[in-house]
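Structure first, commentary second.
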Amino acid sequence: MSTSDGVPSTGGRSPEELASQVRLLEDEVSDLRRRLTESPGGSRGLELRLADAQRSLAGVTSQNERLAQTLREARDQIMKLKEEVDRLAQPPAGFGTFLARNDDDSIDVFTGGRKLRVNVSPSVDLDTLQRGQEVMLNEALNVVAALEFEEVGEVVMFKELLADGDRALVIANADEERVVRLAEPLRGDTIRAGDSLLLDSRAGYVYEKVPKSEVEELVLEEVPDIAYESIGGLAGQIEQIRDAVELPYLHPELFKEHQLKPPKGVLLYGPPGCGKTLIAKAVANSLAKKVAAKTGQEGKSYFLNIKGPELLNKYVGETERHIRLVFQRAREKASGGTPVIVFFDEMDSLFRTRGSGVSSDVENTIVPQLLSEIDGVEALENVLVIGASNREDMIDPAILRPGRLDVKIKIERPDAESARDIFSKYLTTTLPLHADDLSEFGGDRDACVGGMIRATVERMYTETEENRFLEVTYANGDKEVLYFKDFNSGAMIQNIVDRAKKMAIKDFLDHDQHGLRVSHLLQACVDEFKENEDLPNTTNPDDWARISGKKGERIVFIRTLITGKQGTEPGRSIDTVANTGQYL
């Protein structure tokens, strides 16, 4: 405040008061300045103490967390140990087989040789339980869990299904017949007579079909991928079998119009190694392709390769049962119009003339079984029986009569023309040929291969001194010289080519001579002939000759005319025996 003339007013206070007030203010300012000066140092100390406190807190917190984690782990370990103790202290659980469900939601089970009615835990869904299913029982014999079906047991043979459809008659060991229940997996499934089933003999349930390897191996083999074009030297025989097999399937309306029934069977007979089995396999393959071409759908046929010795069984009736099973499966597959070929290899070993057995008369029941299958009460539609044998004279005549094996085709040993055809299947222009042999034909691979084949066939089929093999003496005293060409076969030709290829490989490795030569083939012929020197070594020349395809007058004596493999061993004679009627 000021006066009117501009002089400051003192507010009625004296100068001493004002001076005192000024001093107080100055002291306050000084104190503030001092405190301001000291303030940064104090703040720093507080910050340090605060940081120390925070570090201590963090350490205590971490220690507390570790302690809490240790306590939790200890608690979990204690709980696990307690559970283990409780588990080990529990009484053992039992197992049973579910039989039926009752109206009060209890169930009947079979356990420990007893049939019991027990209660079920709420955790088990009654609607999912199936007949024959395994269940778990607690100490109070209450069901606490549902398990799978039994997987082990006794193998029995199915005979027939009973009228109620829930039970079956089976044959156990020692031909014991039993009535058993069908478990749920078998209900509604197709079960055929002769099928093997898995039986739980305690509960009386059969659970599943068990494939029997000795039967399954013989049944339903897919068609081999062998075409007629792969077979050489048998054009006439192939034409015969195509007429007998393919025409009825490709033109059934013509057969029906002419009231002609297709043949039921074909017999392929002839010496070993001449292509009987090969033709049978090609029949199935060709038939499938022809059916596919006619219908426009994927062609399929089945080739059941039945090896005679595999069917034989020491137990009475087992061989006949296997034959029935084979034809039963064949009928099932053929019922849909699919052609099925049942091929009996080495037919003479299984269906020998009845009464010709020396140690047993097993053929007395096996032969009638086959006859009843071929033309019995059940029709054999779309099923063709093909038999192969090199001793057709030993097959029972009832099998060979018309109406059973209608078509009989002889697979002869190849002549020179057929041998050239067979060689052409194995000697092709894709093989590596020696440069010297190629140069003789101006580099023409086709001409070179043709020349090799001609030279090899000429070496095999000429009636020269070095090609003489045997001198046979007949029962009437006549003698005849047989050459190697009389014992040639497609298998021998293949073996000769394989020998020549091996020689070519060895020449390349030893002498760096690359490619097949005609000299390899000629040397392979010599080695093959020498190796066959020991083949007629038998105590029964007549039977050996029949197997080899030499029919006619009975042979009583054989003498080899070739030298040994080293070229120094003289020819030798082979004695005969008095009884020449027994088959070796």
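Glycine too: its Cβ is placed from the backbone N, Cα and C atoms.
Fair warning: this is a prediction, and the values are worked out from it, not measured in the lab.
Per Swiss-Prot, coiled coil is recorded for 16-91. Annotation source Swiss-Prot lists ATP binding site at Gly273, Cys274, Gly275, Lys276, Thr277, Leu278, citing sequence analysis.
Positions of the features from Swiss-Prot, shown on the structure.
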residue : record           : CB count, 10 Å
Gly273  : ATP binding site : 20
Cys274  : ATP binding site : 28
Gly275  : ATP binding site : 23
Lys276  : ATP binding site : 26
Thr277  : ATP binding site : 19
Leu278  : ATP binding site : 21
### Task
Using DSSP reduced to three states, classify Lys276 (ATP binding site) as helix, strand or coil.
helix
### Task
For the coiled coil (16-91), provide the mean pLDDT of the predicted model.
81
